[in-house]
Structure formats: C-alpha cells, structure tokens
C-alpha cells in the first residue's frame, strides 16, 4: 500500500499560463460567452426571484453561490494537506473545520452543496491516500494476512478527518430538518412522470435514461430548454424502445471509467480519474431520484458542478491521447475546436435569454410536446395584446396536458374578455373541478357567471375563492362589483373595504367606494373616503378625479379645481377629466374656462354625448349673454 501523498501539484496541477494570464483568459472567454445578455430583460422565474421579490434577488443566484462555496470547501480541504506538512495537526484541523463550515454555507444556498463532504471523503481516501481497491479486493479474496496491517485503516489522521466530516454532515442534516422539516416538497406527475410509474423497472429505466440525457448535455449542450417537464421526454415503457441504447452507452462508459479509476495500476491515472468522477457523480446524486423524488426530469442547473468533473476527465483524456500520438497539433486543433463550438453555443444561448419571447420560442424545437412551453409562449403573446395567437398556444397546451389548469384559467380569461362567455365558463369550471383549491380560477369563474347574470352562482364562486385564499383583495373587489350590480350597497362597500385593508394601494376598490357613495348622495362620506385614499396613494390621478367630482358637488370649487388640474397634469389625454373640469367651471360661473375645457374634451373624444350636450348649453348661454350686452 502506498504511503499518504500530500503533494497536490501532481493531482491538481497548476495552469500552464501564469496565474494572472490564466485568470485574464478565463475572464475574457466568459465575457465573450455571456456579453449578449447583460442588458437583457428579466425573464421566466426572474419575475418572482427578482422583480416581485421585496427582501433581495439572491435566490436567483442559488446555484452560483452553491458552486462558489462548494469549490471553496473543497479547496479548503486540499489546504489541510498542504498545511499538515508545514505547521502540524492543529493547522490541518482548522482547514478541515473551515471546509465543513463552507460546505454548510453551500448547502444553505442549495441542498446539493452538502455533497462536498462526500467528495472530500473520496478525495481523502482514494486520491490523497492512494487507496487501491483492486489490491484490497485481491487481498480479501486470497485472505492475505497483510490486510490486518493495512496502513490506511490504522491512519489516525484519516479516521479523525472522516469523523469530522461525518459529524459535520449529520449536523447539517439536523439543522436542515429543524428549519424545513422532514417532509419533501409535494410534486405532481407532470413534474417528474417516471417517479409516479407503478413499475419499478419502468422507473429504473427512465431514471437511467435521464442520466444519459444529462451526460449528453455535458458532451453536446445543443438541446437546451428552460423547462423539461410536462411531456417533454416521453416515458420509456418497454425495453424495446430504441432509447435504451443511450442507457447502455452511458453505463459502458461509466463502468469503464470507474474500473480504471479504482483498479488501474497507474497511481497517477487512478487518482485523476477518481477526482474527475467524484466531481462528476457526487454533486449529481441529490438530483438522481435515488434518495428522494425530485421535482424535475432534467434541470440544466444541476449540471453546473458536475461539469467540473467533465472538464477534468476531458482534459485528462486529451492529455493521455497526446502522449500516445505524434499528431499533437491535430489534438490541439480538436481541443480548440471544441472550445470554440462551446463558446459559440454559449453566445447563441445567451442571446436566447435576452427576452422571454426568444427564450420560450427556442424551447419549441427542443420540447414541442411540453405543454408549459406552449403555455409560456401564449402568456407572453397575451401580455403583448396578441390574444388571437395566445389562444392558439393555450389551446395546444391544454391539448397536450388536459389537466393543465393554469392554461385553462388563462384561456378562459381571454375568452371572457372576448365575450365568449359560454366556453370560458366551461373551461374555468373544468379547472376548478380538476383543482378545487385553485382560487384564481374560482374568482374568474365568478366574473364570467356575473357577466352571464348568474348572480347567485357568481357569489358562491367568489366565496369559494376567498375560502381557499383568505387574503385575496382582487376577489373582494369583484365581489363588491357583484353586490353593486345587485344594489346591495352596504355589502359592496364592505367588500371593497376588505380589499383596501388587504391591499391599501388597491386603487379600483377605493375609486368604486367613492363613486358609489357619490351616486347614492353620501357626499360627506365619499369625501372622507377619497381623502383617506389619496393619503395612501397620493399620485393616483383617478382618485384625484373622483374626489374632485365629489368636492365640486359639495361646492368646494377651489379645492375641486386644484385636484382636476393635478389629475389632468398626470393624464392630459383623458377626455373625461377635461369634460368634468368644464362642468365645474360651468357651475362656478367661469364660462370661458368651461368653454376651453369642453372643446379640449371633445377634441380628445368627439363621441362623448354628455359633453356635447353640456357644450351646447354653454354656447347657447354665451350667445344669450352676448345679445343682452348688445
């Protein structure tokens, strides 16, 4: 058995270039790869992680932060061996403990980070300790008595480090359990269909097929997709499926590499391969479905750390090849060609992440059977006002996944806006039947039923939505509109008040309260509500307009005029703002100003019958005044 080797430069050789130039080259390559998207939009889940996230957007950096602390933990563990020869055991222990701490930080960023402890253990035993599995197996088979004197097993330093790593890992798992509990997140069949298969054989085959897809993405990252769920990868249900060839190819390569890593007589080769395989396999284990069900089929982000191992293996392979051939320039050209192709792919993919439209459409060629891809394209088109195209993609999403309630909800919303109420009701009813706690679909169903004059059913739908989502201001707002249509004014006001309590900036609810109180002659109460609303939302021109109307009716002309002018300054092209200010001036006796704003209002909206009528009355009044003067 070989003695402990702490000369890490043989295992982790430094770069050929000087450190400064190596960093500069890597930095420049990274800039070239990702420069196209630096000024891109926030896309896909960026909206939740960054745009709508109030504490910080650090959650969007989980994988990068995990990788950072993972690598720091590993380098810290390496440092323990470098320091053991210089400053003794105490310094070595410090670096091991620091490595465990950094591993804990990596885990807090992403659960995958805890696997660094396993990598450190494998590195310590197989790489530093040069543990030869083949030699041990042979001694066990031949009952060699020298096995009892195995230096590895009697190495107190190794046992101490393994104890620290094991204790650290157990502590991390305990803390994670205390914070988040023992139950795994709830996933659905569309997230990971293989994990819901009844047959263990089907599950095993598909899990291994997923591994082969991940391996292929490392080798040839051409098929990239923002989401691989919802039918993107059909299940393999029979061994006659041609895709099982991918499984055989994967395990042929892996078994070959593992045999070389564990059994090769070349100690240097064994250690390099072990390090590469350790980085390739160990960080991937949490995503393998072996220990618990995961919520995805393929997730490109989980390959970020395994790609380190892939690079180690690829570099070693080309290095070994160059030693056995005279065509070194050809090998160098191949390496540079691979780097260039991958850089080009990064540039292309970076451009696809510039906007949601490019990102979602890029997925169509990769996963045409993915309902979520069609859903996201439809949503993007709907946000841009292209409802006709959005309907087409939403219908395709529902066809691909007949239980896709979010696609049904969005499609129902568009049909509602296009007054296709019957189909909208059918879709939304089906959505809440599939997912009875889908509060948004219940609310939208209520809106459709209200439009169909089915008031009792609408009220019941709104109440059901609120039951499933108690803090639902928009639902209270719509419930208030229903009550207003039924002349249940007190109930309407209470519903809108609930909306503003839950969401103080709910401008529509405030406005409706002011308008209802105004229309029912409760001017003092309307004024109080309007002032309260403007204190909370001081720059809302629609609230200024509504309160100005109330003040005008209360003959508080000066204050009303100030609010009208402020509203017009914020929204100068609102015809009704000019028209109602003209009415105020008309009542106030400022007839020239009234004429001016009537004319502006009619220029903005020539079809406003009320404004036309009032303007006609004003003109007749001005003509009579001119005749009297004459």
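Yeah, the Cβs are placed from backbone N, Cα and C, and that goes for glycine too.
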Range annotated as transmembrane segment - as stated in TrEMBL, picked from 20-38, 39-57: 20-38
Give me the mean pLDDT over the repeat 'TPR' (371-404), rounded to a whole number. 94
Helix, strand and coil residue totals from DSSP for the repeat 'TPR' (371-404) stand at 27 helix, 0 strand, 7 coil
With contact taken as 3 or more Cβ pairs under 8 angstroms (pairs 6 or more apart in sequence), are the transmembrane segment (330-351) and the transmembrane segment (207-224) in contact? yes
Other parts of the chain folded back onto the transmembrane segment (20-38), taken as Cβ under 8 Å at six or more residues beyond its ends: 343, 346-347, 350-351, 353-354
Secondary structure content of the repeat 'TPR' (439-472), with strand meaning DSSP E or B: 27 helix, 0 strand, 7 coil
Which of 58-77, 116-138, 158-175, 207-224, 302-321 shares the most C-beta pairs under 8 angstroms with the transmembrane segment (89-109)? 58-77
Structural state census, the repeat 'TPR' (575-608) (DSSP three-state): 28 helix, 0 strand, 6 coil
Can you tell me which of 158-175, 207-224, 244-263, 275-296, 302-321 gets the most C-beta pairs within less than 8 Å of the transmembrane segment (58-77)? 302-321
